[in-house]
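The next block holds one structure in the form of structure tokens; read it before the comments.
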Amino acid sequence: MCFPIQPLQNRHGIVDDMRSRLIGVVKWIKLTVLLALLTSAIGHAESKAHTRHPHSGSAHRRPTRADTRTNLSYEKTGSNGDRYREMFAKQNTEIVLDCAVNINFSTSIWVKDGQMVQTILKDNSNNKRVIGHRFLVDASGNLYIDNVRLEDDGKWQCEAEDGFGFVVQGKPIVLTVLDPPKKAYLMIDNRILDPGNPFIPVKENADLTVSCVVDEGNPKASLSWELTLGSMALLDMPELPLEVLNLTETVVDQKAGARNDAHMGKVLRAHHNATLTCFINHIALDQPLNVSVLLNVQYTPSFAISREPGFGFPIREGMPVSLKCDVDSNPKAKPIWQKDDGDPPVMQNPNGFLNFSEIRREHSGWYKCIARHMLGRFSSIGYFLNVHDVEVTQEPDFDVGELSSTGRQVEVSLGGAVQLACPPGISGCWARVESGTGRLDPIGAYQELRLDNVIYQEGGEYRCVAPSKENTKRVEAIRHALSVDVIVTGRPTVMPTNKSITAVSGQPLTLTMEFCANPTYTKVFWIAKNQKVYRPGDADNTIIAYRITNTTTLHCHQAVLFLTKVTAIDTGEYNFIVRSPHGLAEGTFFVNMTYASSYHTPQLKSSSSSETHRITLTTIYLNVIVLLLKNC
């Protein structure tokens, strides 16, 4: 068998063959490197996409770990839509923050609040703790914080870099180091209340704001208020008005700690001995803290008069009779009996009893109970004790001729309180008798009427009116007994106390001031802007001070100062002063001046002329433009 003999390749052919093979190898290496770069870029893009879109898939999703004793770790979404993890840790514990990136990285660092943290590599071989260093990282980039402190509170984030220099940021971790509040305290008008004194003294109808403050706590504590009424208030007022439990809370923002203000717009006597409690809730507390105070409401006296034998039983000479006066007030006030505005005929018992062992005819008359209180002098409504010298079987009607005028009067200090009650056995409601017309103006739907913070305008005659027909005859028979004159006494008052008024230049102006005083005023005068004093009846070329006139309200009057023609020199302050034996009061007018609409200053005329000239020129220009357009 013969084989064809192949010709031998020369050296040029061998070199060409090696060159072609080498070119192929280089192409393969380039392709491999390109594929590797492409794979890394895709991984980097996926990592960025994972950071921006937390719901996308990830090859490495390691859970963030917290200390097992707290186990407080939550997924959150920020206001910008980015996801982060919120962690809570107790002080002096150890926690682990996971790097949680989805690439194979070679190096990593940790950043807290934008600043890099110095860390050292954790020795996993012998599991020994590195002394003097609290921030350790393992080979996976996880951060171990030993002996957690308050200064570790903040935003932590891992930054990892792969072999190709790509940097990936892990999900932010907001670490809150728990610091439970230790105590809270209460304040009024920025004054800290003594924790040893559980009472707050406050006047009836006053405005009250109590602040609850906590200076510690991380995160900030949550504060809330609760108002609990005393047992006596619940017994005395089974149907409580809504305003009794009305409490407004206001959270006051501050850098450290927390504050919540409780506001009561009107403190009532039903709030006496009520407990105002502030509760402090915090994530690090197993049970909320609380701090409380009792309200010691200072309220004016109210009176309750009773009789033995009871009302409706006829009183005849020789029988024993007892009158009892109970006063409810805070602080307590002692009841004092009076008969016809004088001393009672028998000695009063310290407990408010007026005991007649054998009552006589001359003991008949008007009895009332008064009390001297820190807020003023207060009086009950008068009660007429009628003693008969004959045997009777039922309580007779009142004899109008026997009624004492002073017995139907109740004197109350300005700003004080008075309580009126219909006579026993009468079902009615209270009305005020209008002066002059005698018309009844209903003001109360119950048998008792209480007037608080009394002013002069509330003085006058009040009458108990029976709504039912069966009581009409009885009411008519004892009408005088059902009518009470409330007499208000005290220092003078002036209305208005402060007012600004605008006068027209060249026109007259009337300043009217109403004032009340009981006892009556002793001196009244005006002080004009030029510091000149005008008494009622004084007058000059520019000002007239009219004489005092009475108003329809008892003890109230009117004073008038008349300016004949207001000019620029009349603008300013005008004072009205009234004095009585009980004090002094002042009212003030501030007079400003304006010009009438028809009045024009020279500047205004010049301006008006200029405006007219401008309008005329504008009209000429428009006419010229119209002519030019027509010619075109």
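Cβ from N, Cα, C; glycine included.
Keep in mind the model is a prediction, meaning the values are calculated, not measured.
Summarising the annotation, TrEMBL assigns region 'Disordered' to 47-78.
Annotation source TrEMBL lists compositional bias 'Basic residues' at 50-63.
TrEMBL lists 63-174 (among others) with the feature domain 'Ig-like'.
The annotation compositional bias 'Polar residues' is assigned in TrEMBL to 69-78.
The feature domain 'Ig-like' is assigned by TrEMBL to 181-292 (among others).
In the domain 'Ig-like' (301-373), helix, strand and coil residues by DSSP number 3 helix, 38 strand, 32 coil. Positions annotated as domain 'Ig-like' by TrEMBL: 301-373 (among others).
The average per-residue pLDDT of the prediction over the domain 'Ig-like' (492-592) is 90, rounded to a whole number. TrEMBL lists 492-592 (among others) with the feature domain 'Ig-like'.
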Checklist entry - For the domain 'Ig-like' (492-592), DSSP counts of helix, strand and coil? => result 3 helix, 61 strand, 37 coil
Checklist entry - When the domain 'Ig-like' (181-292) is classified with DSSP, how many of its residues are helical, how many are strand and how many are coil? => result 13 helix, 49 strand, 50 coil
